[in-house]
């Protein structure tokens, strides 16, 4: 249970990562991924990487620069331009539905204009899910200069698109529906220089 805790990725650049284990029964036609990050990196870095043997960027949340997020599904991506952070925690949620190909992006509890991505696609279920590195092959192929350095918290993955109310609830750390990956009951393994610490402030 990582309630009120954070993962501190201490080094920059880093070869460290955290493996997350989710019980996926079937491929995903809808999903939402949410997390909180705190970093002073200005170089590109990966926040959440979900790879299958067929596709290394099956789901990827990537920040190429401080004022931009990229959201990948099945190797294709859409870009969301954001105000450059005030060096504070940033909470992001990205959701996708296959039937419409609609990608939603929420930053700090507010929705960005929706975009189209990979309509009709299906996300594979046998996945390597990593925090802190971007996979260029299944479970590996890291570029140290895409690694994350800083603090990560409140990582969730659902097999549904969350409603606007639930998106805001995720930002406010309120009660959330059961998830494939949930921060307060996370099955994870640290690889390398990552430390679990209490959150410094709420």
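Just so you know, glycine gets a Cβ as well, placed from its N, Cα and C.
Taken straight from TrEMBL:
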DOMAIN    3-202  domain 'Pentraxin (PTX)'
DISULFID  34-93  disulfide bond
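Its Cβ taken as reference, residue 34 (disulfide bond) is surrounded by 26 other Cβ atoms within 10 Å in the chains shown. The Cβ of residue 93 (disulfide bond) has 24 other Cβ atoms within 10 Å, all protein chains considered.
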